[in-house]
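Here TrEMBL flags 100-280 as domain 'FAD-binding PCMH-type'. Annotation source TrEMBL lists FAD binding site at 132-138, 213-216, 264-270. Sequence annotations record features per position, and here TrEMBL assigns site 'Important for enzyme activity' to ARG315. Residues or ranges marked as region 'Disordered' in TrEMBL: 363-382. According to TrEMBL, the feature active site, proton donor/acceptor maps to TYR458.
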Amino acid sequence: MSGESGYYGKRRKWHSWGYEDEGITPAEVKEMAERVAQRLNIDEPVILPDPTLEELVLREPRIKIPASLQPFCTTDKWDRVFHTYGKSFKDLTKIYRRDFDNAPDVVAYPKDEADIAAVLDWCGDKGYAAIPFGGGSSVTDGFGCPEDYPGAVIIDLGNLNKILEVDDVSRCALIQAGILGPALEEQLKPKGLTLRHIPQSWEFSSLGGWIATRSSGHYATHLTHIDESVESLRVVTPKGTIENRRLPGSGAGPDPDRLFIGSEGSLGIITEAWMRLQGRVKFRANATITFDSFYQGAGAVREITQAGLFPANARYLDEQDAKFYGAGDGSKSVLLLGFESADHPVDAWLERGIEICKDHGGSVETKTGSGGDALQSSRSGAQGNWRKQFRYLPRMMHTRAAMGVVSFTFETAYTWDKFESIDTEVIRRLKKAQEEITGGGIVCRRFSFLYPDGPAPYYTVVAPSDHSRSLEDYQALSDVASDALTELGGTITHHHAVGRSFRPWYDKEVDPLYRAMLAGAKNTIDPNWIMNPGMILDRPAHFKMVG
Ligand SMILES: Cc1cc2nc3c(=O)[nH]c(=O)nc-3n(C[C@H](O)[C@H](O)[C@H](O)COP(=O)(O)OP(=O)(O)OC[C@H]3O[C@@H](n4cnc5c(N)ncnc54)[C@H](O)[C@@H]3O)c2cc1C
């Protein structure tokens, strides 16, 4: 059973991104480390070797698996290690520090809802934490087990990986929640349909994880969040199963799906979803446009979004970000603008977008319309480099942890009226903190998603450090960013979820009375507070086990 659950039936690396049989060569690691070291003026980075399973010390499992659950539950070391962490900089640094003090006690690989219900019953009886696991790509500490629980059980949904039904009249499909991005699209392709929800973590993230974290995918505008593609959900909770009705829209009270979308495993386990689909893309048109300054191009991007053009792609990178992704030479901000359709040519939309950019002083570097090979052009030049790095960089992200530099991203959203003032202040505070804490570093940003009323800026922070303090330096810098966003009026997360990492700031962002109302809902369906403790809400101090 160990590690072989899931559609592809093969093991993934537990200390980095990718399958075990996919090699990142030592030369690639060295090249990446040298590039980062050069940009941060580090003379000779010390690159730690990859950790091995043998050298890790785990505490003994604190709990015993009942006989009825043994066929799909395990305490094997590999399984406990693989499911200890997500993939944030903090996680990867702890992995390279060989710190597995808080590994889960048991990992369950349920085949169906009956197995899930049986595990939840067991956890409910004993007070063990029950923690759902989709693709494991959480970057916000989505799985950590609280110390005050007598045991922690990870529920890996990798065996729930099928498309169960396709309604091609309404263009929807019933899909199991544990399916990863590639398997989902593979199974839809013969029907000529697509979900077209492609976060950067697509290869190793699941439908249930996307819904539980309100992820954002391929579309820079319009169908940005997974929320818009959910038609209805089925959720197994400790108190029973909730199945919502399939409806294209409804005015019947608060939306019952919405409570679970973004609940991060704290209310129950999403097992199936009817998802709205689309035809596969036939027409594309795209252009690369440069601007002398980030704020100049931001004006163009705002006007495009407010004109109702809804580009599929409108990644707008500042000078440093463009250089980092190979989309520019570091002297200009770069807008990668793209339109697509399964039904009609989109050249008119691109032309209007370009017109707006030119009004704001933009220069068109490349352009391909529906008549040309827009697919090919999105795979070459600035567009292609960005696309390639977008897929390749996750495979290399452990390098930064291995070399002891600080490297993390964070994202937010706020309204356009506050854009320049918040952005300037966030960068000012981060640069000051970098001077004080790490003696310098890089801060760059892009717009990853756009709304008519505001952008979702995405910041990358890289700073020199060393193995003895990189985690502490990361936390100090990340706290500065989180404090700034909360104080200045942005959200603490646009699409990476709250997790345990951003709970203190989420608690400030959301009205206390609303959180009390959520706690009431949780108490009804999870009276022993076993579901992913610490996510969104904390178990009340006066809590007593029931049942
Ligand atoms: C390299 C990289 C790139 C990323 N790019 C993006 C991006 O472009 N857009 C974006 O939105 N995010 C991105 N992320 C963050 C992450 O991929 C998303 O949060 C994703 O939605 C998590 O899906 P998952 O299946 O991996 O969930 P997991 O990491 O397995 O779980 C995330 C949380 O959801 C809970 N959960 C998982 N499945 C279920 C379920 N079926 N029912 C209830 N709760 C569940 C877990 O308990 C956990 O708390 C990225 C992460 C990495 C490492």
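Note: Cβ is positioned from N, Cα and C throughout, glycine not excepted.
Selection of the recorded positions PRO132, SER138, SER215, GLY265, ARG315, TYR458 by a Cβ distance under 6 Å from ligand 1 yields, in sequence order, PRO132, SER138, SER215, GLY265. Of all the Cβ atoms in the protein chains shown, 23 others lie within 10 Å of the Cβ of the residue listed as 'active site, proton donor/acceptor'. DSSP gives the residue listed as 'active site, proton donor/acceptor' a strand state. Counted within 10 Å of its Cβ, the other Cβ atoms near GLY135 (FAD binding site) come to 27, all protein chains included. Mean pLDDT across the domain 'FAD-binding PCMH-type' (100-280) comes to 97 in this model.
Of all the binding-site residues listed here (SER138, SER215), it is SER215 whose C-beta has the fewest other C-beta atoms within 10 angstroms.
Distances between the Cα of TYR458 (active site, proton donor/acceptor) and those of the binding-site residues PRO132, SER138, GLY265, GLY268 are shortest for SER138. Counting in whole angstrom, PRO132 (FAD binding site) lies 32 from ARG315 (site 'Important for enzyme activity') by their C-alpha atoms. A gap of 17 Å separates the Cα atoms of ARG315 (site 'Important for enzyme activity') and SER215 (FAD binding site).
SER138 (FAD binding site) falls within neither a helix nor a strand when secondary structure is assigned with DSSP, and so counts as coil. Note: GLY268 (FAD binding site) has non-local neighbours VAL235, VAL236, THR237, PRO238, ILE242, PHE260, ILE525, ASP526, MET531, i.e. same-chain residues 6+ apart with C-beta under 8 A of its own C-beta.
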